[in-house]
Protein chains: 2
Amino acid sequence: MSETVRELSVQLGDRSYPIMIGEGLLEARDLTPFVTGSQVMVVTNDTVAPLYLDKARGCFPGKQVHSVILPDGEQFKEWQTLNRIFDGLLEQQHTRKTTVVALGGGVVGDMAGFAAACYQRGVPFIQIPTTLLSQVDSSVGGKTGINHPLGKNMIGAFYQPKAVLIDTRTLQTLPPREVSAGLAEIIKYGLIRDTGFLAWLEDNMEALVALQPAELAEAIYRSCACKAEVVALDEREGGIRAILNLGHTFGHAIETYAGYGNWLHGEAVGTGMLMAAELSCLEGMISRADCDRVRRLVARAGLPEKPPVGMTADDFMKLMAVDKKNVDGQLRLVLLKAVGDAFVTSDADPDNLATTFSRFCTPAA
Amino acid sequence: MSETVRELSVQLGDRSYPIMIGEGLLEARDLTPFVTGSQVMVVTNDTVAPLYLDKARGCFPGKQVHSVILPDGEQFKEWQTLNRIFDGLLEQQHTRKTTVVALGGGVVGDMAGFAAACYQRGVPFIQIPTTLLSQVDSSVGGKTGINHPLGKNMIGAFYQPKAVLIDTRTLQTLPPREVSAGLAEIIKYGLIRDTGFLAWLEDNMEALVALQPAELAEAIYRSCACKAEVVALDEREGGIRAILNLGHTFGHAIETYAGYGNWLHGEAVGTGMLMAAELSCLEGMISRADCDRVRRLVARAGLPEKPPVGMTADDFMKLMAVDKKNVDGQLRLVLLKAVGDAFVTSDADPDNLATTFSRFCTPAA
């Protein structure tokens, strides 16, 4: 095991924290050094609990450990379900010295993190992400929150964990679609600012799809390191951090159109990145060959290459207009100046945007 | 007007902000220098809206101003009502550059502030407190949040405003019970660390009860300054800030026993301070004469001196055990080492606590 353990420190001044990555860590690590009080509340869902809840409890020897098991699914990322965490904390009389632990994917992490941010105005928080997407996305950045009927992630907080533990062995039980969804975000890091990593991914995509532990640990480490660099430059998302949203504006529109939970977030981001690459090509910034290179890598990761059948340009425009990345009503998009160099613009040519939609949208039969 | 305008800067590094205090400020001040975007959402309630909403709108010339009018009352300080603020922001397509303005008392301030803290993970916030209690309490400290059926203020955030505007003229429409409730918190500042202010209050209590503008501005200024000093020393309530809770552990028990909204927060704090003074006297820290001095000042402010009839020592103990000021299960209380010198202790003698309850509790007839 030891040869594949990697550790990364996310540098945020007095809120810096470690990310520990390796195979079998859930059975090997004592997390009590990151717990200040005597109480721990593990938040998980009904898919993850039978697989890993007992192992996660084992990370906190000598502590009083309770758990809240939420229903699994993005559709439950809303207030009523969040409130079950508060119910559990209050029923078990957890004080403001309790530690909340998120055990699961991005939805569990977002909800447990937001609950930790709000419970008694903020208690410590530890993440044990068990999906590839959450390992490379939610581990860094401190974004937590829930959805509102009128928009995704509209209610939340920036809140940093005390530590993140990533056990790559948890990926063995992950459905292949979710592995692909995680790979979409991993590809994104290569595309936005790390051509070396992008080339590495082109060499190792099959090993990642086959869940080879050493390659997984490397890809997760490099993804988290890339995101940590960007976030350290811009913790509260005023500037450069926006490049992390490559593919997300198109992607959020796809997710909303399909209905929460029908398309995985990473799947929508995968298609969204292809649309962003196409628009970048039409804008004359990247070559057609670069555009194809992105498409091949996304395809090898097992990701969809088109939006849902029947989704139109109008659907996109309407759904993108309420995306929160828009400042004062302007449509802001992340595009590629080059492969490995993303930037934010409000100046995409509307004709090129229309052409992008026409090339990607498939009319209903 | 100008002779009674006072301004105070709350020092919190890059989150420092001004508190402007004076008669008629709501009609005189342009608050747009504190607004970065083009949108403003004023959150108020159905009691305050007919009196001051138009005037508050006038503080934001040239901005797109919307409003959300909540039902008035502590019982509405919960998720469903909070969500009406999010509904309003999303329905009116407010972006992350919007500014949320709280116009009203503590409940409106807590909810609007928490909504600002959570909307798109945080948008700017301005407070226009219109009750004496909220002017001297919510103006400083950044506490926001809502209640949970199992406890008051259990869900919330520390979140600082960009500015606070206090128009003492709004107190002319405040019911006398609410003036007294505000005076309870004002007395508290004298008791915890400002004997000079306490003596000033003993000289000016009748002027305050009569809502004399100059005396009100002075009392509000000195209260906010006192709280700002304590909060600057301890923004997130790890240490000295706890002295601000003088009377609050007893007070919260009274409020919960009486049912939210039946006792005003300040009324409960007033009685709670008398209980804390009594216990301090029994513990041998302050004299019986000091204890009577506190009682007289509280009585002159028009505050109740006893808990609700029928509330027993057992009721207190049970309700105080879930108070969030308790760390790891220990009952922590704020007591007086001397008049003007409060401290936190977990070591109050249980017999003296029992004697305090026996002297304050009145059996049901």
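Note that Cβ sites are derived from N, Cα and C of the backbone, with glycine treated the same way.
Please treat TrEMBL annotations as automatic predictions, because they have not gone through curation.
Here TrEMBL flags B:72-77, B:106-110, B:130-131, B:Lys143, B:Lys152, B:170-173 as NAD(+) binding site. Sequence annotations record features per position, and here TrEMBL assigns Zn(2+) binding site to B:Glu185, B:His248, B:His265. The domain '3-dehydroquinate synthase N-terminal' feature in TrEMBL is assigned to B:68-180. Per TrEMBL, domain '3-dehydroquinate synthase C-terminal' is recorded for B:182-326.
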Distance from B:His265 (Zn(2+) binding site) back to B:Gly109 (NAD(+) binding site), taken between C-alpha atoms, in Å: 14
Conformational class of B:His248 (Zn(2+) binding site) under the three-state DSSP mapping: helix
Local backbone state of B:Thr131 (NAD(+) binding site), from DSSP in three classes: coil
B:Thr173 (NAD(+) binding site) - helix vs strand vs coil (DSSP): helix
Distant-in-sequence Cβ neighbours of B:Asp72 (NAD(+) binding site), under 8 Å, six or more positions away: B:Asn45, B:Asp46, B:Thr47, B:Val48, B:Gly104, B:Val107
Other CB atoms within 10 A, centred on B:His248 (Zn(2+) binding site): 23
Nearest recorded site to B:Glu185 (Zn(2+) binding site) by CA-CA distance, among binding-site residues B:Gly106, B:Thr170, B:Thr173: B:Gly106
Residue among binding-site residues B:Gln75, B:Gly106, B:Thr131, B:Thr170, B:Thr173 with Cα closest to the Cα of B:His265 (Zn(2+) binding site): B:Gly106
Beyond the site residues B:Glu185, B:His248, B:His265: chain residues whose C-beta lies within 8 Å of the centroid, for Zn(2+): B:Leu133, B:Asp137, B:Ala181, B:Ala184, B:Lys188, B:Gly247, B:Gly251, B:Gly266, B:Ala268, B:Val269, B:Gly272
